[in-house]
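Colleague: Not my notes, these are from Swiss-Prot:
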BINDING   21, 22, 23, 36, 59, 60, 61, 62, 114, 147  substrate binding site
BINDING   198, 314, 340, 341, 342, 343  ATP binding site
């Protein structure tokens, strides 16, 4: 994979448009997690330090294209940038035409790209508009690398020069190394609700890991191969595929569970063998024996790849499995990678973010990468490498 890195380029006085992933959770105009902002900062700071004219853009949420809605605005993100970069002149722009007067060492945060008509359909007209804003386009949004949209894909086709940012470079390098040359034993943990959305991921990780631990609705699907699981969330269409994986690979499936007859925050948890679930009961977390056995597996690991909670961690009586999992990974000497879906929320909830070796910012892109998918955006960046190699920029 040959891609120009931002560190390869002379940025002095150049207009540099950085496509970041600033898709942070915002409620009542307040940001509840700053993880993606802080992950994007090194690239932005690097460009500012090298006296580029820096323009940053991102998506946030899923607004109706072409229609402004305050709850999807990046304005709270802009305000946070003002707070953490107090010595930098930072501006907020809702208009692509307002970027012409920017000076070296200054920063403009553009409004949510998904307010722009043509963003999601990868409009040629919009892509060209983005490209005219800059001398150099920097793709740094690993979390959007699987989305072929105007601000991620189309712009690369028309930009004078396109490169990777520090975050994208780090994500690709770390994940590629973990998947192709892991230090063994390698343990993968995949939780979440549905097998259907993660079946390719499960198959890939079952093949390359020494042990695959399954949790959540995914584990319930595996349990249902041999046992009645009552009214537990599972994916009946994938039972046969799950059976094939179970027979072929080393998959850890819980043997006891925390169950309840109701699904509320205050539901009472009862620990039962997975072979003794009643019709009116629902599996909501690992039982203590399964937690202990899972921790013993994690203790022996040298590489850990974690995606998703293994229980209904939002409910206090069903958070133990996910909490103990996160703490076991955090206290392990193994190289650990966590990412995708609710994983970052779990990491922050149980305050283990400083003890995970690498936190991936990707959601769907994290899973797509684990599945071994090829990304069109990477192919487009590689074309710019060939252009750069043959011409001094």
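Any Cβ shown, glycine's included, is placed from N, Cα and C.
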Colleague: Measuring Cα to Cα, tell me the gap between residue 340 (ATP binding site) and residue 114 (substrate binding site) in whole angstrom.
Modeller: 22
Colleague: Quick one: which residues besides 21, 22, 23, 36, 59, 60, 61, 62, 114, 147 have a Cβ within 8 Å of the substrate site's Cβ centroid, in sequence order?
Modeller: 58, 112, 113, 143, 144
Colleague: Which has the fewest other Cβ atoms within 10 Å: 21, 314, 342, the binding-site residues listed?
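Modeller: Counting other Cβ atoms within 10 Å of each of the binding-site residues 21, 314, 342, the minimum falls on 314.
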Colleague: If you count the other Cβ atoms within 10 Å of each Cβ, which of the binding-site residues 23, 343 comes out on top?
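Modeller: When each Cβ's neighbours within 10 Å are tallied, 343 tops the list.
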Colleague: I want to verify one value. Collapsing DSSP to three states, which class is residue 340 (ATP binding site)?
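Modeller: DSSP call for residue 340 (ATP binding site): coil, neither helix nor strand.
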Colleague: Taking the Cβ of residue 59 (substrate binding site) as reference, which residues of that chain separated by at least 6 in sequence fall under 8 Å from it?
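Modeller: Correct list: 21, 23, 112, 113, 114, 119, 144, 149, 151.
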Colleague: Could you tell me which of these binding-site residues, 114, 198, has the greatest number of Cβ atoms within 10 Å of its own Cβ?
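Modeller: By the 10 Å Cβ neighbour count, 198 comes out on top.
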Colleague: Among all protein chains shown, how many Cβ atoms are found within 10 Å of the Cβ of residue 61 (substrate binding site), not counting that one?
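Modeller: So the Cβ neighbour count for residue 61 (substrate binding site) comes to 15.
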Colleague: Compare the C-alpha of residue 61 (substrate binding site) with the C-alpha of each of the binding-site residues 198, 314, 342, 343, and give the closest one.
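Modeller: Nearest by Cα distance to residue 61 (substrate binding site): 342.
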